[in-house]
Amino acid sequence: MKIFLVRHGETEWNAKRKVCGMLEADLSENGRMQAQLLADYIAKHKDELKIEAIYTSPLRRARETALPIEKALGLEATVEYDLHEVNFGEKDGTDWDDPEFKAFKAEPFKRFPGGESASDAVQRSYNLLDGLRRKHSGNILLVAHATIIRIMDTYFHSRTMEEYKAFRPANCQMIEYETTQLK
């Protein structure tokens, strides 16, 4: 079984380096183009990819990214709440470089005011992946968010904190993981 993780297309907030979290943001024109280009690639390679199911975060930017992929594969995406981005609480809408935001991100057990901690998001993500692996034997595609994809990457690979921080999935990047080596 393979799991393909896709980060949503670019939003205006991404371009402005703003924390989006649980706030709704539409794809930018560039983001819609990224989603269509990815869908075109998937359509061209669908016989090789053999994707049997699509899951998407409930947030609009992910659902907008999933739409052309659904058309390319002839599948309807299932909205999966646990694919939502980390809830940054009161920090949603701030700059990525905000010192207070950075300080909270540096401490995985510290809960964002009005939001969740990184450890909460890890537990949610790992539980979801465990459940999807039990449910499916064929390949699946998940449309999610940068922090959730970074967390899910640690499910498949042992990473140092430096490696985790350095991993930055690009908008509409598709990353393939093989689950056969996992227990």
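Numbering starts at 1 and runs along the chain as it is shown here.
Here the Cβ of each residue, glycine as well, is placed from N, Cα and C on the backbone.
Automatic, uncurated: that is what TrEMBL annotation is.
As recorded in TrEMBL, the features of this protein are as follows:
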ACT_SITE  HIS8  active site, tele-phosphohistidine intermediate
ACT_SITE  GLU85  active site, proton donor/acceptor
BINDING   ARG7, HIS8, GLY9, GLU10, THR11, GLU12, TRP13, ASN14, ARG61  substrate binding site
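Annotated features taken from TrEMBL, shown on the structure.
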residue : record                             : DSSP (3 states)
ARG7    : substrate binding site             : strand
TRP13   : substrate binding site             : helix
ARG61   : substrate binding site             : helix
GLU85   : active site, proton donor/acceptor : coil
For TRP13 (substrate binding site): intrachain residues, at least 6 apart, with Cβ closer than 8 Å:
VAL19, CYS20, LEU23, ALA25
GLU85 (active site, proton donor/acceptor) versus ARG7 (substrate binding site) - Cα distance in angstrom:
11
Could you round the CA separation between THR11 (substrate binding site) and GLU85 (active site, proton donor/acceptor) to a whole angstrom and send it over?
14
GLU85 (active site, proton donor/acceptor) and ARG61 (substrate binding site), Cα-Cα, nearest whole angstrom:
11
Long-range same-chain neighbours of GLY9 (substrate binding site), Cβ under 8 Å, sequence gap at least 6?
LEU27, SER28, ASN30, GLY31, ARG32, MET33, GLN34, ALA35, ARG61, GLU64, THR65, ASN171, CYS172
What whole-number Å value do you get for the CA-CA distance of HIS8 (active site, tele-phosphohistidine intermediate) and GLU85 (active site, proton donor/acceptor)?
11
Looking only at Cβ atoms, how many others are within 10 Å of the one on HIS8 (active site, tele-phosphohistidine intermediate)?
30
Within 8 Å of the Cβ centre of ARG7, HIS8, GLY9, GLU10, THR11, GLU12, TRP13, ASN14, ARG61, which other residues of the chain have their Cβ, at the recorded substrate site?
ALA15, CYS20, ALA25, LEU27, SER28, GLY31, ASN171
Cβ neighbour count within 10 Å of THR11 (substrate binding site):
23
When a 10 Å sphere is centred on the Cβ of the residue listed as 'active site, proton donor/acceptor', how many other Cβ atoms does it contain?
23
